[in-house]
């Protein structure tokens with residue numbers, strides 16, 4: 001079951017991480033200007049989780065009738081409160097990410113977002129006492145320098161047309177801040193899971209994901225009401241370059257895709273670890289690059305190529321380190337004795 005959960009969450013994360021940022025960037029490229037709306041799109045897709053939660057609830061109710069065990073949700077009060085706090089932080093992280101996406105191409109924002117692996121590794125070491133290896137340190141350094149390459153080339157061909165260097169720099173630092181907060185969130189979620197005191201089940205993962213996404217959506221909804229963004233959507237849809245229908249389709253598909261990304265990311269923390277979730281996220285960066293070049297016609301210069309190579313090198317280094325550590329652990333396990341060997345040994349006189 002754990003392996004199936006890992007594979008399922010990897011699939012959801014892949015679909016969401018590749019499609020979500022492309023749709024979010026499409027919103028800004030064709031006339032979208034409201035960042036709180038973009039942040040709300042990141043989190044408002046949580047109602048799609050009501051279906052699996054309903055199935056889970058009725059399956060628990062049916063099971064309780066046959067086993068005479070209480071059919072209830074496994075979410076404790078402490079876990080609910082911790083999930084609510086993490087949801088508010090996720091809402092803030094969504095705003096930072098949407099702000100950076102409004103000024104940066106997908107190819108740049110995805111590379112910068114991959115630095116969350118470095119932040120996740122640091123927070124995992126400090127909070128959940130994750131063990132470091134030379135390969136992990138190498139991956140962190142390479143990821144960090146990959147982002148620094150983009151930062152030092154702000155005055156070159158990296159800055160997209162129509163954007164100033166100042167706005168690009170602001171989007172750059174906001175995206176890095178979002179990556180740092182995301183790394184902390186994933187590690188904090190792993191810590192909450194270890195301290196929850198309840199067994200890991202598919203039902204528990206779905207309930208935690210729903211609470212986190214719901215509070216993140218509430219956090220982003222309040223500023224939208226204050227800024228009257230809901231009322232402004234009708235006017236923005238009319239002025240959208242691709243048309244009113246595609247405006248609402250872009251928002252709807254982006255909300256679904258980004259919610260799948262959140263579900264997959266949180267699910268990997270529960271079914272594996274926060275560090276593995278960061279690894280999968282960084283591994284998907286090359287796929288984002290390819291789709292951004294194909295569908296959004298973004299350029300791909302030497303600076304982006306060098307940053308991408310460093311990200312891939314860092315991921316490969318960490319993956320090799322994990323493989324080597326697993327092989328070393330297996331070799332240290334004691335070999336079972338053959339009872340037949342005892343008969344060949346001379347008896348003590």
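Every residue, even glycine, has its Cβ placed from backbone N, Cα and C.
TrEMBL: automatically predicted annotations, no manual curation.
Annotated by TrEMBL as transmembrane segment, the relevant range among 169-192, 313-336 is 169-192.
A Cβ distance under 8 Å defines the sequence-distant neighbours of the transmembrane segment (275-296), meaning residues of its chain 6+ beyond its ends; these are 10, 13-14, 17-18, 21-22, 25-26, 29, 105-107, 110-111, 113-114, 116-117, 120-121, 124, 130, 143, 183, 186, 265, 268-269, 304, 308, 311-312, 314-315, 318-319.
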